[in-house]
Each structure stands twice: as structure tokens, then as C-alpha cells.
Amino acid sequence: MSKTRFPLRAALAGTAAVVTLAAPAMAAEELNALIWCDHADADLLKPFEDAHDVRVNTKEYEGTAAGLAILDQSQPGDWDVMVIDAVDVGRAVERGVFAPLDPAEFPMGDYFPELTLDSHNSVDGTTYAVTEKFGYNTIAFNKAKVDEADMEDMGSLWSGKYDGKIAIYDYYLPVMGLVGLSQGVATKDLSAANLETLRDPLYKLKAASRQVSDVVASQTALATGEVDVLIGGGEWLTAVLHSENPDLDWTIPKQGALLWAQSIAVLKDSQNPDLAKEFVKYIVSPEGQARLATSSCYWGMPVNKKAGEVLDDSQKAVLRWDQQADYLSRAQLYPVPDADLDAEMQSMWTDMLQQ
Amino acid sequence: MSIEQAERRRASALVAPALLWTLAFFVLPFAGMVWLSLGHLEGREVVAGPGPENYVRIFTDPSFLKGIRVSLEITLVVTVISVVLAWPLAWIIAMRVPQRWQRLALMLAVLPFWTSYVVRSYSWALVLGANGVVMQALIGAGIIDEPVQIMATRTATVIGFVHFFVMLLTLTIYSNLVQLSPNYARAAADLGASGWQVIRLVILPLTLPGVMTGAFLTFVLCIGDYITPQILGGNNELTLPQLIMLQLGRRGDFPMASALSVVLMALVTLAYAASARWLKMDRV
């Protein structure tokens, strides 16, 4: 059987027409951003809009495939900037949707060195995105309900002590990465050959858990006392709840944690590439970084260290600003599976959910 | 041109917009989805088929088979419970509530439709949680000592669904009931039937079209719903729509998601075929 690429774009042509009609009107003073929910915060966007006399139209998406599908269904030029999981920048570059960026135009010297992530943001020596925010997928918990010392060792999650009081964050990359760490498998070493070693502990973790839930459901479960421990959680989940319940906390256990990072890129077909680049510059500036770090949707560490001059002490305390050197030394980057390993990981995750 | 021909042309012209609409926004996209379902992912690229790989996996992989089974089980349980609860409610509104209060009663019955579906599901999550109203009331009444887990179980999903679909079924059954002539009941009573016999042997069979229409709508909406099992079920077992979303989220496996959608469509078609003889929409 001959293999031909399925004309996905053509197949979605009808939808494209609808999306085109619904897409924000293009105008010189408008910027269209395909984003995660933290960028929809008016406090983040307004200073840029005021400074450049521009309106930033945003569309939120979840999951890289969904974001890329939106691009597929849009007319070239509909979108100017895109926020993307740092591990998936390469996927977007493969599709030829990002414009090259000159790293010299961005304050890379002010970045936490671990977060420039050239390995993720560059392909064949060309930079296509810059990291803008990071944090940890680790263990979040209610310290009024658990023994904090237990949270320093992932082994306690399998001990039976917290059975029925655990929730698992519903994203297989970080959680399987964490389970790998618990089994002594570094994220960079995760492969088809050793993936099966994760199956048994993953199933046992599911058996000990009450639920596997997305961001909002996880926050709700932790906030309402439905669960006391969230595997895969971190500052991004507990920080926005901190003022309501200071007992919600997180830590990095001795086995380590996963480092998540999000990047921002300019779309190759942007009608307004200069303004798009200005937006990226604003996002990675100290002021933009501080606002993004404390976005109403979720918090996360700024990649630009100079944001520390803008954040106040209480914000930095919630973000654990002073412990970052230690945390960064103990965190590992997400696994970056190729397509086949990705499929196997998702398949194992599905099997786990159906246990 | 004869009058008949002119009538036919006029009828065709009237039907044409709806037909074109259906062709453009259902038939063609559906055909595209079926074609896509016969392809597969190679690396991260969608490769055209035709090949049966996705369907073979759906009907051989235990996780996918379980998804189909879970969807059917939840949908059937929800449909039966909703019918059992909705029929008496509709009967009381139609037969026992004074006519001037019926409109208010119906409005109260459809109140849940007025709130966002997502918000309603999260509200149930708070109500059914370990520290929610239900558990605290049961503990306060001394019925239980410790919270019983309802949230993040199939029971929570069923409760969330039933709350919604009882209202839908009440409307379809009510509209069927008010169309019935009171003479049927009077004639049965004159012939010696007891009140219960009138309901069981006369009223109930006559409302079957309304019940079946509501039950079919419940089946279709329930088996295709993603929100309720996702929020209330706690992902402890996946339904077909959840499996479809899982294929799309990160990897973008559109062929497998399409194949699962075709299976979902086939289940709805089977349900329609099974209930078609009772589906008399004009009676509802």
C-alpha cells in the first residue's frame, strides 16, 4: 500500500472557513496570541497594550496537538505569537510555523542559566523560541493533613499511609517522569527499553489514588480536602490558593522532581512580526516576567532573574525564590519522547487509567 | 406543468436548504472523519489509509474495550434511573398540579438547564465531596461516622447525569401526557379499572413515545458527554469521549480519535435502530 500524507489541512478546510470567519479581525494595531491561560490576565497584557497602543487578542488552548491543529485550521497570518510547552518547540519547528529569533535581542544574560534551554528552543543552531516561565511537577500537599517528612520521600506514596488521599495530575509526561525518578530512571534515560519498569509502580500509584485530575479539578480536590497529596503538583497549583489556605504547600522529594518550562515564539506568517517580537521582549522583561509569574490563572517562576527586583517579598516567598538554586540542581527536564515512545507512554497511561 | 409537478418542485425547493445544510455540515464532515479514521499516525504525521489498524486496536485493546463497556453501562443506568424518576414527576405535574401552577412547576423542573453545564458539574463535585453537604449531613445525623467516597466514582457521574436528564425526560413525557384525552382514563375507570390499573394499562403505554424519545435523547447526550465523567468521575475509568480527548490532547492522533468517534456514532445508530419503532416525534 502506498503511503501518502493525509491532507489534514484539506480535510479541515470546512472548519478552517468557520475559524477564519471567527478569527479576530486583523488590524495593524492588533496582536493575535495563541496562549495558555496565564497570558490572558489583563494585568499582564494592559501595560503592553498601553505602551504600544495595541489590542492583544488571545485564544487559550490546552495540549500542543490542539494548538498546532488551531494553526492548521487558521489562515496564514492569523496568529502572531504562540506560547508552547518548551519540550514541543521542536515539533512546531518541524511543521515550519515559527520564525527564527535572534537571541541577542532578548535578555538571555539575565536568565537563570538552566532555563535558556537551547536544546529545546533551538533547532540546528537556529533559535525559534525563548523560555518565559518555569516551575516544578513534584509533590503538592496539605501540610495540616500529612506528615511533611513523608513528603520528602516518594516512597511514602506507595507505603499505604496515604491511600485514598492522593490525586494524580492528569498529564503523562511529568507523572511518568516522576515515577521514573522514583525507580531510579532519569528522564533523559527513559526509553522503550526501560518503560515497562514504570508499569507496576504506576498501577500501584493509581490503586492508592482517589482520582486523576486536570488542573482545576486537582486544585478543587486539594482545596476542599478531598485529597491531601497531589502527585505532579507544585507552585503552579498551590500558589494561587496560598492566600486562602497557607497549609497548601509543595516540596521536592529526595528523588527529585520534574522541571516544566514554557516558551514563547513568533509565528512565521505573522502579519506584524515586529510588534510580535516586541510582545515577546515585554514578556521576558523584568516587569512582564513578574506579572506573568503571578498571573491569576497560575503562578510560576520567572526565567529572568531581574524579575526579582519587581516581585515583592511575599510573592518571592510563595515562589521559593531563595531555594531555586537547590531546586534547579535537583530537578530534571521533562522526558522528550520521540513519536513512538510518546505513543507507548500514552498507551501505558491509558491502561493505568482503566485499571 | 401539472399541479403535482409544481407541488413537487415547490416541496424540493423548500427542503433544499435543509438538505444542503445537512450535506455540508454533517454528511461531508462525517465522510471525512470516516476516511481519516482509516489512516494512522506515522511519527507525528497523519498518513492516509485505508487500513483497519485503528478499529482492530479498538476491538482488541482491553483499555479501549473497557471504554466502550463503561460508556454503555453508565448510559444505560442513567437512562433507566432518569426514566423511573421522570415519569412520576411528569405525571404529577400533568395530572395532579392545578393547571395554573403547571407552568411554574415546569419552570422549576427546567431550572437546572439555566446554569452552565460545567459550573453545575463542579457544584456537584462540591456537594458530593468528603466535606460536602451530603456527607456532612449524614455524619451530623449520625448515619455514618466517616465520609463515604462518592466523588470521583461512577456513582458521582451517574448522579450528575441523572440530575440533568430527569429534567429533559420530564419535559418529553409531560408533553406526551397533556396530549392524552382524559376520556381514556374515564373509560378505563368506567370498565372497572383501579387507579393503578389505569396508569399501568392505559396511561403508561400511551406515553411510550414520549418516554422512548426522551430515553433516546438521554442515551445520545449521555454517551457523548465528556464534561460530567471528566469532572465527577475522577478519571478512574475512561468513557469513549474521554478516550477520544486523550488521543487529541498531546499527540494529535486524529485517525484514532476519528475511529473512536465512528464507534460512538455506531452505538448511537444502534440505539436508534433499537428504539425506532417507538420514536414517534409527532406525539411528543
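Cβ atoms here come from the backbone N, Cα and C positions, even for glycine.
Note that the structure is a prediction, hence the values are computed from the model and not measured.
According to TrEMBL, the domain 'ABC transmembrane type-1' annotation covers B:68-275. Annotation comment: TrEMBL describes B:12-36, B:74-94, B:125-144, B:156-178, B:198-223, B:254-274 as transmembrane segment.
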Tertiary contacts of the transmembrane segment (B:198-223), as residues 6+ beyond its ends and Cβ separation under 8 Å:
71-72, 74-75, 78-79, 82-83, 86-87, 91, 161, 165, 168-169, 171-177, 180, 184-185, 188-189, 239-240, 264, 267-268, 271-272, 275, 278-281, 283-284
Give residue numbers and ranges for long-range contacts of the transmembrane segment (B:74-94): same chain, 6 or more residues beyond its ends, CB-CB under 8 A.
102, 105-106, 109, 154, 157-158, 161-162, 165-171, 173-174, 177-178, 199, 203-204, 207, 211, 214-215, 218-219, 222-223, 229, 239
Sort out the residues at least 6 away from either end of the transmembrane segment (B:125-144), same chain, that have Cβ-Cβ distances under 8 Å to it, and list them.
150-151, 156, 159, 231-232
Using Cβ atoms and a strict cutoff of less than 8 Å, what residues sit near the transmembrane segment (B:12-36) while being 6 or more residues removed from its termini?
46, 48-50, 254-255, 258, 261-262, 265
